[in-house]
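> This is the structure I want to talk about, given as structure tokens.
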Amino acid sequence: KVQPPADPASDPLWLERQTMSPDWFQRLESEMKQPYFIELKRFLASEDRAGKRTYPPPPLVHSWSRLTPIDRVKVVVVGQDPYHGPNQACGLSFSVNRGVATPPSLRNIYKEIATEYPGFKPPNHGCLDGWATQGVLLLNACLTVSAGQAGSHHGKGWEKLTKHILKLNGGGGGGDDNDNDGDGDGDGKGKGKDKGKGVVFLVWGAPAAKTLAEAGVTDTSGNVLILKSPHPSPLSAHRGFLGNGHFVKANTWLQQRYGPDGGIDWTKL
């Protein structure tokens, strides 16, 4: 449960301070003090004062940070914006809260995993926490949305922050590519034993590809693998998402860098 200060304007980052994991908050604090982010926080506060419902609920906006430590990121799944229906959005791209119907795009993701890993039986839920805790950063480009209004918070500032996060991970592993120990905190004392071994970006759909390109992430360093395909939405899944082989391809690449046990168990949900 979050506790807003008596005067939220006195600490615009109060939600981040209370709900973002300490490692991510420390790494992003200076970026979040930029004028664009303070303006975003003002916008969200004004929506709240006007009685407008925003998803996900404030305690869940930064779930991605709590489930995936900055020095353990191996895969980044680039999403667009949160689901805008009741009880769906949980702070992770493509994921929904347990007890909510699995969205069509996620059903297609499960279908692709079952093709690549024939023993996989899709769960009766759409919660992807099991990936996040293995080092899969499930990050939407925009982290909030107005109830029932898809894309309603686009261009308010979230995209600048999330592109900054993508760029950090585009250095080859979960931290500042100028941070010589690779753990993202600038202290020169690496804590993540696998830091710098590489990150896979799963990029589904043109908007996700555009977001990654605008973040300046490329695969020229050799420490980054970018896998692109159409979006898993029913509108486009049959044009190249289904059959893309991304989950096996990601693991093959990760195992070459992190060792035989270095992949993601995509069936662990």
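Quick reminder: no glycine exception, Cβ is built from N, Cα and C everywhere.
Caution: TrEMBL annotation is automatic and unverified by curators.
Marked as domain 'Uracil-DNA glycosylase-like' by TrEMBL: 66-254. The active site, proton acceptor annotation in TrEMBL covers ASP81. Look at TrEMBL and you will find 169-194 tagged as region 'Disordered'. The annotation compositional bias 'Acidic residues' is assigned in TrEMBL to 176-185.
On this model, are these features tucked inside or out on the surface, and what's nearby?
DSSP gives ASP81 (active site, proton acceptor) a coil state; it is part of no helix or strand. For ASP81 (active site, proton acceptor), the number of other Cβ atoms no farther than 10 Å from its own Cβ, over all displayed protein chains, is 22.
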